[in-house]
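Engineer: Dumping what TrEMBL says about this protein:
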type     : residues : note
DOMAIN   : 4-94     : domain 'Potassium channel tetramerisation-type BTB'
TRANSMEM : 148-167  : transmembrane segment
DOMAIN   : 151-416  : domain 'Ion transport'
TRANSMEM : 216-234  : transmembrane segment
TRANSMEM : 246-265  : transmembrane segment
TRANSMEM : 285-305  : transmembrane segment
TRANSMEM : 326-347  : transmembrane segment
TRANSMEM : 386-410  : transmembrane segment
COMPBIAS : 425-436  : compositional bias 'Basic and acidic residues'
REGION   : 425-468  : region 'Disordered'
COMPBIAS : 444-458  : compositional bias 'Basic and acidic residues'
Amino acid sequence: MASVHINVGGTLFQTKLSTLHRFPETLLGSITTTSEFYNEENKYFYFDRNPELFNTVLDYYRNGVIHLPTHLCGWLWKSELEFWRIPLTDISECCFQTYIKYEEKEATAAKLREIFATKPLTMTHFTYSINKIRHKVWMLIDEPTSSTYARVFSIIYLIIVIVSATIPCLETHPNLRIHLYNDTTIYWFFLFTPDTWVNTDNPKEIMFTTTLEPSWMFELNVCIIIFFTLESLVRFITCPSKCRFFLEWLNILDTFLNITMWSRFMVDMFANVDAVLEKKFESLMYFYSFCSAASVLRLLKFFRVAKQYNSLRVLFLAVKASAKELGLLLLTFLIVAWVFSNLIYYAEINEPDTFPNMLDGLWWAVVTMTTVGYGDMYPTGALGRIVGAMCAMCGLLVIAMPIAVIAGNFDDLYKKNNERESYNEIQKEKETERKQSINSITSKDNKIVPFDKSKLDSNNKPFPSIER
């Protein structure tokens with residue numbers, strides 16, 4: 001019976017040749033004495049590999065499946081499988097979960113490296129001072145963690161963002177606005193101005209058309225508009241890649257907000273208060289309201305400085321990783337809501353004052369399943385109340401299921417990110433120690449050693465040197 005000797009990393013193994021020939025598509029199954037691994041002098045095959053792992057490889061030829069050692073690094077045995085040309089499909093069912101976990105960890109680590117890696121855009125001709133300045137300004141406004149000045153700028157930027165989003169809220173309070181007319185004047189004005197778009201029964205429309213924001217609020221808003229406009233221009237000028245600049249959604253948002261902010265400013269500056277009340281200016285005022293409503297999107301500028309908050313970025317990554325589950329949640333939610341809209345309509349068919357159609361039933365089902373319960377619509381019959389209770393319980397179950405998935409993804413990503421940060425800190429410390437060691441050696445080589453008086457003999461003469 002032919003046998004074969006295999007030397008792996010200095011450890012000698014012996015097996016039957018027929019055992020290896022069971023899998024001819026693998027490295028050992030197709031190896032011959034003409035192979036580069038064959039040692040003619042010692043009459044064995046030599047492989048400079050890990051002998052501990054080779055026991056697992058040899059068992060594969062004996063048993064037909066490979067069992068992965070869980071106490072070793074996944075990358076190590078994966079590289080061994082690739083070297084010995086053992087297909088992944090031959091991993092045993094009991095150990096395949098180990099392989100899946102390793103692949104998931106590798107994918108998670110790759111995502112985190114991609115998300116958290118600093119990606120400064122390369123700039124050509126750095127020898128020119130203007131490009132150096134552009135690069136410094138770009139890092140200042142785009143990388144909050146790049147320097148102390150960048151962190152200070154990010155804090156100031158965040159404060160301005162919060163203030164800019166607060167002003168539109170304050171503008172809607174009647175006590176903070178300047179009244180142009182008293183109530184009597186307003187009454188007679190709208191009485192003799194029938195051709196107007198203003199709904200006189202709507203106090204909000206009357207307030208916005210007969211009052212103005214205070215001067216301090218207007219001036220502060222103008223300063224914020226100028227700041228954001230200049231910030232966008234500086235960001236565009238200093239950005240090394242103009243193509244990449246227009247591909248980022250935050251830059252697109254900035255462009256949109258700048259257009260809406262300046263459009264509203266032009267209306268405030270040049271529109272006549274009395275003239276805009278006419279019917280022909282109704283479209284203009286709707287556009288003005290749209291620009292005012294868009295100002296709340298300034299809060300999204302917060303994500304420009306979110307790079308320094310790793311936990312927040314991990315949360316977004318967890319939501320992104322759970323996109324499939326969220327899509328399934330939305331689909332399931334709509335299906336269940338549609339079913340209950342049908343059930344509640346026919347359960348309340350004998351009640352004349354509730355659920356006039358299924359669309360109202362769909363609204364009720366959505367509100368009930370999300371446990372909001374506005375109370376604007378509710379079943380009054382016994383059968384309708386049973387359907388309502390079932391709808392509420394189904395809503396809890398449907399919403400609770402994907403939350404566990406998202407929480408699990410966040411937990412995995414958060415732990416992996418903490419491990420990554422700890423590893424990076426260790427690498428930084430090693431790099432710092434290495435640089436200090438190099439600097440220490442360099443300083444010793446370049447250091448001028450002062451004359452040592454201890455080397456003088458009793459006659460205050462230097463010790464004689466040894467001639468070679």
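Yeah, the Cβs are placed from backbone N, Cα and C, and that goes for glycine too.
Can you tell me where each of these features sits in this structure?
Structural biologist: Across the range of the domain 'Potassium channel tetramerisation-type BTB' (4-94), the DSSP-based residue counts are 35 helix, 19 strand, 37 coil.
Residues of the same chain lying 6 or more positions beyond the ends of the transmembrane segment (216-234) and with a Cβ under 8 Å from any Cβ of it are 137, 141, 157, 160, 163-164, 167, 170-171, 176, 251, 254-255, 257-258, 261-262, 265, 268, 298, 301.
Taking Cβ pairs closer than 8 Å, the transmembrane segment (246-265) reaches residues 221-222, 225, 228-229, 231-232, 235-236, 287-288, 290-292, 294-295, 297-298, 300-301, 303-304 in its own chain, all 6 or more past its ends.
Residues of the same chain lying 6 or more positions beyond the ends of the transmembrane segment (326-347) and with a Cβ under 8 Å from any Cβ of it are 319, 355, 357-359, 361-362, 364-366, 368-369, 379, 381, 383-384, 386-388, 390-391, 394-395, 398-399, 401-402, 406.
When Cβ-Cβ distances below 8 Å are used as the criterion, the transmembrane segment (386-410) is approached by residues 314-315, 318-319, 321-322, 325-326, 328-329, 332-333, 336, 340, 343-344, 347, 365, 368-371, 378-379 of the same chain, each at least six residues removed from its ends.
Taking Cβ pairs closer than 8 Å, the compositional bias 'Basic and acidic residues' (425-436) reaches no residue in its own chain that is 6 or more past its ends.
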Engineer: Take the transmembrane segment (148-167) and find every residue of the same chain, 6 or more past its ends, with a Cβ under 8 Å from one of its Cβ atoms.
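Structural biologist: For the transmembrane segment (148-167), the sequence-distant neighbours (Cβ-Cβ under 8 Å, at least 6 residues beyond its ends) are 139-141, 217, 220-221, 224, 227-228, 231, 295-296, 298-299, 301-302, 304-305, 308.
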